[in-house]
């Protein structure tokens, strides 16, 4: 990529209009070009036949449309596709999950992750950097181009590699493009951001954009959560859920409820007492609960619970009146299931990041 060229995938609609106004063009040119990029998957200015030739030539000189390239593709027996995408010498993974009534894309927000959750393969790879807007929306662009068809992607979940709320400055514009009518036109109820509990950033998020929220809870008490999710030492369950309720108060995309993600680790957090504890801790936070049977990966001490343990846990929660879904494992034969995304983090700097988080607090850049 040329350093002197602007990658148009880095610009949401406001930024794109400002770009064209700076060129002396009318703002509607931005809308025209966005339709070519996102509706038609076009990355060649010469094909944009409703843009005059003089402007096309100028755009070729100063701009580009460059999405991450696929370095590897794996297709699961259940239809799931996992792509490893090149992002500046590193790799991130993106997963496409087709179902009868929808097609969901699981998108990464960082190269690696700094939060070190003990049950997640991504966390074991270390942390390198935040992804740029073009590298986030570019995952959607690349997947839509490969899959093809009229509505190749109906849902996007920011549940790939990384903690999205530690990259708000790039994640928010990318999500705007997902929902923009000149982008992918996906409903805000079908764009989901997931967080492990970066509470100050959750408050910022609610002031910036309205999307569906999922939270990675994974334990019903602070002692256990801190053991498996170190971020709990900084923002405990009570603080986290208070932040969630504040977000729900600002949001129309969630129907008043948050999705609680709870990975079931055999004989760690899946006892009946844990289910009762979870119901009690969530009593003031309107929730639907996604139970995720653990997906094993090499070198990890945790196991997947038996079906009977999963059923018992689920039934306890339903007795309290919660909507409970046991997530169907998809793509586990190609390591594309929840918690298995790795990519290739070449430069591991997670210790530096962890130290900085402990010393200075978790820093959040905002748009």
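Using N, Cα and C of the backbone, Cβ positions are placed for all residues, glycine too.
Annotated features, as they stand in Swiss-Prot:
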ACT_SITE  93  active site, proton acceptor
ACT_SITE  338  active site, S-methylcysteine intermediate
BINDING   113, 117, 120  [4Fe-4S] cluster binding site
BINDING   162, 163, 194, 216, 217, 218, 295  S-adenosyl-L-methionine binding site
DISULFID  106-338  disulfide bond
DOMAIN    99-333  domain 'Radical SAM core'
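When the recorded positions 93, 106, 113 are compared by Cα distance to residue 163 (S-adenosyl-L-methionine binding site), the shortest distance belongs to 113. Cα separation, residue 218 (S-adenosyl-L-methionine binding site) to residue 117 ([4Fe-4S] cluster binding site), rounded: 10 Å. Those residues noted as binding S-adenosyl-L-methionine (162, 163, 194, 216, 217, 218, 295) have their most widely separated CA atoms at a distance of 19 Å. In this structure, of the binding-site residues 117, 120, 217, the smallest number of CB atoms within 10 A of the CB marks 117.
It is 9 Å from the Cα atom of the residue listed as 'active site, proton acceptor' to that of residue 106 (disulfide bond). Rounded to the nearest whole angstrom, the C-alpha distance between residue 106 (disulfide bond) and residue 194 (S-adenosyl-L-methionine binding site) is 11. In three-state terms derived from DSSP, residue 217 (S-adenosyl-L-methionine binding site) belongs to neither a helical nor a strand segment and is classed as coil.
Proximity of residue 216 (S-adenosyl-L-methionine binding site) to non-local residues of its own chain (separation of 6 or more, Cβ distance below 8 Å) is seen for 117, 194, 195, 196, 197, 229, 261, given in sequence order. Residue 163 (S-adenosyl-L-methionine binding site) falls within neither a helix nor a strand when secondary structure is assigned with DSSP, and so counts as coil.
Mean pLDDT, taken over the domain 'Radical SAM core' (99-333), works out to 94 on the 0 to 100 scale. For the recorded positions 93, 163, counting C-beta atoms within 10 A of each C-beta gives the highest total at 163. Residue 217 (S-adenosyl-L-methionine binding site) and residue 113 ([4Fe-4S] cluster binding site) have their C-alpha atoms 17 Å apart, to the nearest angstrom.
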